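Student: Here it is, the structure in full.
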């Protein structure tokens, strides 16, 4: 599943590529991709004539601010804009966007197509079809409509994600520290890859009970989370299967991982072999010698 760095990479690509992109036509190729509104006609009509004004990210969600075009009754050439809510996207396991400036037939796994006046197309592709989209009209709160969005913990790059916050939320937790990092209600955006890499960088065993992590270790962990995520964003994220950026390019952070998917290979630091074991059903990669 695309995690924070991959979603941030997509957000930056969309923001750069789709300047002045006004949706003139919406084509739904798979109805289940549209999670809200229930009536798909409302989704189509809600997006039509909307400018994709600004792209934001919250955890693993992409959020596009929309502005509706409104013609002046006295002058057809004069167009103004009014707020039109947001388009929210969750890529889930295999979702990604492509931008096409020539008309082409949709590929097999195309789910949603958005066209502008010049027939430029923003195409959403999703092999496993778990990804979802929501159009939330102006005046309604996406947090109240989209399950999971309103319960997200702080962003790793925010001031709220600090040592005191981490100390407070893990102080009485008997769960493993790895499970804590994966809990989106505690920290938004971290998945399996970056939980493993952050714990390795901090020198903390993923199997430790969260409440046993001392203050110095919390400081190291917070710093590791931020550093690892920034490094991955700089590399365009990680591609191990389906993730692509808007230009169809793979992320390059996978070449730089220290433990993730390096089972049986030598630790880059101590030369011990990297091990793999499951925690709460999730594959966990770690170095027994470097992580205590």
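Each Cβ is built from the backbone N, Cα and C atoms, and glycine gets one as well.
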Student: Out of 92, 128, which does Swiss-Prot tie to the same DNA site as 109, 173?
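Tutor: Matched candidate out of 92, 128, per Swiss-Prot for DNA with 109, 173: 128.
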Student: Using Cα-Cα distances with a 10 Å cut-off, which of the recorded positions 3, 109, 128, 282 are near residue 60 (active site, proton donor)?
Tutor: 3
Student: Could you round the CA separation between residue 2 (active site, schiff-base intermediate with DNA) and residue 128 (DNA binding site) to a whole angstrom and send it over?
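Tutor: With distance taken Cα to Cα, residue 128 (DNA binding site) is 13 Å from residue 2 (active site, schiff-base intermediate with DNA).
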Student: Which chain-mates of residue 109 (DNA binding site) that are at least 6 residues away have a CB under 8 A from its CB, listed by sequence?
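Tutor: The list for residue 109 (DNA binding site) reads 125, 126, 127, 129, given in order along the sequence.
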Student: Tell me the Cβ contacts of residue 282 (active site, proton donor) under 8 Å, same chain only and six or more apart in sequence, or just say none.
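Tutor: Looking at Cβ-Cβ distances below 8 Å from residue 282 (active site, proton donor), excluding near sequence neighbours, one finds 178, 182, 192.
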Student: If you measure residue 128 (DNA binding site) to residue 3 (active site, proton donor) at Cα, how many Å is it?
Tutor: 17
